[in-house]
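Everything on this sheet refers to the single structure shown next.
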């Protein structure tokens with residue numbers, strides 16, 4: 001017998017026998033045989049150690065495509081699902097167990113864990129619509145599914161039942177896109193029932209953010225009293241004022257008054273009633289029939305009315321803080337000349353946004369927020385062409401990134417202080433040329449009108465202003481002759497000012513704010529030096545005490561409170577216009593420098609409100 005030849009170099013296909021072949025001609029009957037070993041020796045290279053790898057990228061898709069064709073032609077199927085749902089006639093679907101098990105942990109357990117279905121050719125399925133099961137089976141073979149609004153809840157429920165997580169996520173994402181004031185509560189309830197945590201959270205967040213619109217829908221009026229109380233207790237409810245929550249509760253009770261009037265008191269205790277204005281409470285006590293019919297509720301609101309009008313310190317109630325970014329806004333300022341900048345600082349990531357400029361450059365202005373809108377009040381335009389004191393009031397809307405002019409004050413006010421009580425802006429002191437004002441005027445946004453109120457007991461420019469317990473405090477300043485350490489308090493019900501305990505230090509151009517039921521006065525100018533000292537006024541003990549000093553000396557600084565901490569921005573240290581921003585933590589009594597402004601400046605207007613609409617910013621910054 002001839003020895004088999006040893007081959008070298010590239011093999012020729014004719015020299016290899018196929019795995020299955022017919023016997024050579026003349027070798028007897030033609031039968032199929034298997035070649036059990038390779039008869040050829042191949043040495044592609046000198047050492048013979050080279051290897052290669054090959055992957056057919058779309059093999060899985062092709063293989064599942066073939067299996068789907070087998071399913072549709074009912075070939076090699078090893079299970080029939082008999083699906084029964086309520087009164088709908090049962091439907092049968094033939095499939096391959098291995099494919100179903102590969103897409104669903106429920107089917108995998110059913111067909112592999114020794115359950116009785118493992119050996120069954122016909123398996124009964126209940127609790128899922130046949131059309132839903134048909135789509136899920138098709139998804140198992142094709143990795144594709146098409147779902148419309150009318151059936152998405154059924155498909156998602158079926159996907160949850162059979163733990164097909166990818167379909168659950170797809171349905172959840174679709175439903176999030178469909179969220180609307182009219183369906184958000186229903187979607188949230190559905191997600192809770194099927195245990196879809198992510199969809200439930202997204203729907204609830206939508207409800208919190210759009211509470212005013214949701215509260216007008218039919219779904220809202222179908223909430224139970226417990227569900228409503230839980231909803232309105234949320235700190236992150238997005239409302240412009242607490243009266244929205246109050247009216248929503250009263251409307252819910254009116255929807256079925258005979259059955260719901262018993263829940264009024266419980267609901268009112270969930271409303272932040274101390275955030276309501278005395279005028280609003282007085283109107284409701286006089287005109288709301290539901291309150292007049294419930295003596296306990298009426299007494300409860302009367303007590304709150306008295307506490308507000310008597311300016312009693314109340315137990316701290318968390319402010320509504322919607323989960324929308326809240327930024328620190330800085331408007332205007334001075335560096336060589338007055339600036340028109342509007343910028344916003346995000347303490348959570350340290351970023352700055354450049355926004356729509358003021359229509360006229362201003363420094364020595366004040367900033368405040370009412371109903372989410374930022375107001376820039378007074379100031380002066382210092383320019384190479386001359387100096388002009390301003391009586392202007394401009395309103396910035398973060399949703400449109402636009403400024404709108406409002407009614408002007410009765411007189412120009414440079415180096416002004418402002419505070420907000422009951423949604424009204426109080427403009428305090430300031431100067432017009434060589435005139436130093438003691439006058440104070442109040443702006444009502446609903447009417448776009450200013451009205452003079454009682455003047456301060458002392459003329460003050462560079463005055464620090466803050467509001468605590470519905471009282472307006474004017475702190476320090478300059479009267480035209482002397483820098484001041486005196487402070488006074490305005491009682492709106494009496495329309496009168498009273499002196500309070502003076503500060504330990506003379507301060508003009510200090511930053512003044514309220515934190516944790518105390519008034520803070522930071523920095524300023526004492527007639528000789530810019531200051532870095534900080535003192536705090538306790539309204540209950542009527543005493544001023546020093547706290548930790550700032551890192552930098554500064555006067556004409558901006559100041560505000562964000563998430564329980566004090567921020568001071570810019571100012572003048574006697575030599576330089578500062579760009580530094582410091583943050584005070586009352587828990588540790590420490591200051592830290594957290595960022596720098598885009599440029600040094602003093603005399604900025606500062607306030608905190610919602611993050612601006614990015615879409616509007618991008619459109620207005622577009623250069624195309």
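Just so it is clear, glycine is given a Cβ too, placed from its N, Cα and C backbone atoms.
Sequence annotations record features per position, and here Swiss-Prot assigns domain 'BACK' to 184-286. Residues annotated as S-(2-succinyl)cysteine in Swiss-Prot: 38, 151, 241, 288, 319, 613. If you look up Swiss-Prot, you'll see 151, 257, 273, 288 marked as S-(2,3-dicarboxypropyl)cysteine. For 151, the entry in Swiss-Prot reads S-nitrosocysteine. Annotation comment: Swiss-Prot describes 434 as S-cGMP-cysteine. What Swiss-Prot records for 327-372 is repeat 'Kelch 1'. Here Swiss-Prot flags 373-423 as repeat 'Kelch 2'. The repeat 'Kelch 3' annotation in Swiss-Prot covers 424-470. Marked as repeat 'Kelch 4' by Swiss-Prot: 471-517.
Sequence features, as recorded in Swiss-Prot, placed on the structure.
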| residue | record | DSSP class |
| --- | --- | --- |
| 151 | S-(2-succinyl)cysteine | coil |
| 241 | S-(2-succinyl)cysteine | coil |
| 257 | S-(2,3-dicarboxypropyl)cysteine | helix |
| 273 | S-(2,3-dicarboxypropyl)cysteine | helix |
| 288 | S-(2-succinyl)cysteine | coil |
| 319 | S-(2-succinyl)cysteine | coil |
| 434 | S-cGMP-cysteine | coil |
| 613 | S-(2-succinyl)cysteine | coil |
Lowest 10 Å Cβ neighbour count of the modified residues 241, 273, 288, 434, 613 is held by 434
How many whole Å apart are the CA atoms of residue 273 (S-(2,3-dicarboxypropyl)cysteine) and residue 241 (S-(2-succinyl)cysteine)?
11
Could you check which of the modified residues 151, 241, 257, 288 is the closest Cα neighbour of residue 319 (S-(2-succinyl)cysteine)?
241
Find the average pLDDT over the repeat 'Kelch 2' (373-423) in the predicted model and report it.
97
I want to check the contact list for residue 151 (S-(2-succinyl)cysteine): same chain, sequence separation of six or more, C-beta distance under 8 angstroms. What comes out?
131, 132
What does DSSP give as the helix, strand and coil breakdown of the repeat 'Kelch 2' (373-423)?
0 helix, 28 strand, 23 coil
So how many other Cβ atoms are close to residue 257 (S-(2,3-dicarboxypropyl)cysteine), meaning within 10 Å of its Cβ?
12
Among the modified residues listed here (241, 434, 613), which has the Cα closest to the Cα of residue 257 (S-(2,3-dicarboxypropyl)cysteine)?
241
Compute the C-alpha separation of the residue listed as 'S-cGMP-cysteine' from residue 241 (S-(2-succinyl)cysteine), stating it in Å without decimals.
40
Enter the number of other CB atoms within 10 angstroms of the CB of residue 319 (S-(2-succinyl)cysteine).
9
Determine how many residues of the repeat 'Kelch 1' (327-372) DSSP places in helix, in strand and in coil.
0 helix, 24 strand, 22 coil
Rounded to a whole number of Å, the separation of the Cα atoms of residue 241 (S-(2-succinyl)cysteine) and residue 288 (S-(2-succinyl)cysteine) comes to 19
Could you give the number of helix, strand and coil residues in the repeat 'Kelch 4' (471-517) as assigned by DSSP?
0 helix, 28 strand, 19 coil
Can you grab the distance from residue 613 (S-(2-succinyl)cysteine) over to residue 288 (S-(2-succinyl)cysteine)? Cα atoms, rounded to a whole Å.
37
